[in-house]
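Chemist: The compositional bias 'Basic and acidic residues' annotation in Swiss-Prot covers 1-82, 94-120. Feature annotation from Swiss-Prot assigns compositional bias 'Basic residues' to 83-93, 121-149. The domain 'RRM 1' feature in Swiss-Prot is assigned to 214-297. Marked as domain 'RRM 2' by Swiss-Prot on the basis of sequence analysis: 334-412. Per Swiss-Prot, the feature domain 'RRM 3' maps to 453-539; the stated evidence is sequence analysis. Swiss-Prot lists 1-156 with the feature region 'Disordered'.
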């Protein structure tokens, strides 16, 4: 049975022997191993691929991270650039704002400067300013606000009107001696004052006063003159005429020259030598005759105590071509200096004042060489030398407008008038003549007010400036009454003289308006220049006579 079962098993197994079975199994396992190896290789390949892919992914991630970093850097740079741009824009805007503020301030400053320059052109009377400044001022806008400066009047009228103060002349009851027939105390409208102009207040002698007594004025110098040439010339001339009385050496210590005005101040080493130099008036210097005078600050009272005030009679003037007694015309012991004259006084008015004491032998109202305007002082000599001291005593110290007259002998200390000169008749004549002068210079009320020394000829030449001044005058003058007419004479383009240039005439409907205007305007400043307001004769104004 067992054998049968074994045989059956062998049949089941294919009827092959056992050894054959093992060989067959080995043959089948090899391909399987190869397949497994191949699978393993594939797995390894897949792992490598995965690793490679993961590596690539990591590289890509790194690249992406780098890109993100770069993007962040770019964003950061863009933010910085944007911030920088905004900051720069903000700074530019702030700079523009500051610049605009600066421009506005500068514009306001420029406007103030233009207003100030407009005042300056009326205040500064040197006449040497360039026309280019005038062009700049004229280019300002005509539409500027009037609230800044209503008119050229730069100050309000004072609480008490500054009106011209005329001399207080004594009444006949104050004169020594008996009363004058026909003279009454109420004859003059002027106040009563003490008549004592002869009192001279003593002053301490100073070195400055000594220096002034040693200086002489030399005018009319040629353009080629300089300090050295003037000093050498006067040293030689003083030695030639025997004027070096202080001993050997040069008489001239110092020379100051004003080249624009062509004059010099020559300082001598002694008062006596300065007095000797006065004899050289009219001498030729480099072919031109020169004037030799005392300076305006010369004080004869102090100088008289320092030494001779007149040239020595022993000078040899013929040695330098001069004739004794001929120099100067107005020179001499009776020559009178009249200082403190109001600038608006004409030559005729000054003559009228001086001739109230008698006819004049010589008269010279000193004027500016460039403008022709009065400098406020004059010299005169009377035909009758006996009235010299009377005139000095009567006129010295009196008020004329806003000025006080200084009247004295020009070349020596003040002398006391002789008793026979102090006649009551002459003093009465003085009262009458001064009263007449007061009415002449504008004390009698009229409908016309004249403002003097208000504008210059240069300002009136330009049409726009002229209209500005005219507008200012209308605005201001119209405040005080019914203003009928404003007249401002202008220079002639051809250079011909025109009467009244520098004056402003205001015509009112009645005397009351003119009086208010005169009271309010007198003493104020127009363009920095003091205004002098006087009444003007209506008949002369209506006939266009503007030089009265």
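The backbone N, Cα and C atoms fix where each Cβ goes, and this holds for glycine too.
Where in this structure would I find these features, and how exposed are they?
Modeler: Mean model confidence of the domain 'RRM 1' (214-297) amounts to 89 (pLDDT, 0 to 100 scale).
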Chemist: Which residue counts does DSSP give the domain 'RRM 3' (453-539) for helix, strand and coil?
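Modeler: For the domain 'RRM 3' (453-539), the helix, strand and coil counts are 33 helix, 19 strand, 35 coil.
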Chemist: Kindly report the helix/strand/coil residue split of the domain 'RRM 1' (214-297) according to DSSP, in that order.
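Modeler: Per-class counts: 25 helix, 25 strand, 34 coil.
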